[in-house]
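Q: Please see the structure below; I have some questions.
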């Protein structure tokens with residue numbers, strides 16, 4: 001039964017990260033999606049989520065593991081060293097820092113890791129462990145719901161810029177066709193559906209093998225320079241050092257009827273859908289770019305606040 005939960009978490013991660021950005025609008029519904037994207041996102045979400053619960057959940061680790069997720073854009077896709085989108089003016093020490101900030105501090109932490117796990121916790125469990133951790137993010141305690149509604153609206157706007165309406169409706173229908181029956185699954189604690197023990201170690205090994213394979217199989221001629229690879233390794237070391245040594249209050253793991261959360265999730269979806277429908281009829285590229293820049297700025301500030309507080313402890 002655990003495997004079914006894992007497949008659904010992988011589906012959520014793949015869809016939210018790749019379809020919302022229109023990087024791969026077909027999601028997991030073609031050969032590239034099912035053969036490459038789905039294993040890549042599933043293993044990352046499960047392995048990093050499993051280690052998050054093994055080390056102890058707090059909001060800092062939740063975000064930092066999301067940053068680790070985003071670092072696959074170095075050795076697997078080589079985008080941090082040789083991007084095929086975005087400006088190329090912010091290159092230093094072999095790293096394209098605009099793409100680095102967008103992918104490592106914003107897109108992957110939020111859409112590939114945190115949101116999929118939050119949705120999975122909401123749908124498949126009776127606990128609020130991750131939600132309570134997410135509420136501790138900067139600005140979330142006082143304006144969490146407003147921030148989430150704004151994020152939903154801007155995500156819909158971003159989708160309208162990058163995805164034709166016909167493709168959007170196909171993706172949305174496919175998403176709910178898979179997700180709706182899963183509401184009937186038995187509700188457990190989030191800790192119980194994440195990989196642990198020997199299985200977690202095996203999945204970690206599988207993820208390492210995946211990294212080794214795609215390092216050589218995908219755009220190997222675009223590998224970073226010595227300085228670019230050194231920066232990546234140093235940032236990996238910094239992330240893992242912070243993850244292991246960071247200390248903060250852990251959120252309570254408690255069950256809930258989730259009636260309020262259910263209404264709020266529905267409201268977020270309606271805001272997202274409305275934003276898409278309104279903005280798909282006109283050019284909204286400047287606003288979509290503002291969404292990307294604002295989200296990246298927020299993620300960068302979150303990372304900086306974690307680092308500064310850790311150094312000043």
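Placement of Cβ uses the backbone N, Cα and C atoms for every residue, glycine included.
I grabbed these lines from Swiss-Prot:
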| type | residues | note |
| --- | --- | --- |
| TRANSMEM | 31-53 | transmembrane segment |
| TRANSMEM | 62-84 | transmembrane segment |
| TRANSMEM | 104-126 | transmembrane segment |
| TRANSMEM | 147-161 | transmembrane segment |
| TRANSMEM | 166-185 | transmembrane segment |
| TRANSMEM | 198-220 | transmembrane segment |
| TRANSMEM | 225-244 | transmembrane segment |
| TRANSMEM | 264-282 | transmembrane segment |
| TRANSMEM | 286-308 | transmembrane segment |
Q: Look over the recorded stretches 62-84, 198-220, 225-244 and say which has the most C-beta pairs under 8 A to the transmembrane segment (286-308).
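A: Ranking 62-84, 198-220, 225-244 by Cβ pairs under 8 Å to the transmembrane segment (286-308) puts 62-84 first.
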Q: Based on Cβ pairs under 8 Å, which of the stretches 31-53, 198-220, 225-244 lies most in contact with the transmembrane segment (62-84)?
A: 225-244
Q: Can you work out which residues elsewhere in the same chain, 6+ from the ends of the transmembrane segment (198-220), have a Cβ less than 8 Å from its Cβ atoms?
A: 39-40, 43-44, 46-47, 50-51, 54, 72, 75-78, 82
Q: Can you work out which residues elsewhere in the same chain, 6+ from the ends of the transmembrane segment (225-244), have a Cβ less than 8 Å from its Cβ atoms?
A: 55, 60-61, 64-65, 67-68, 71, 74-75, 80-81, 93-95, 104, 306-307, 310
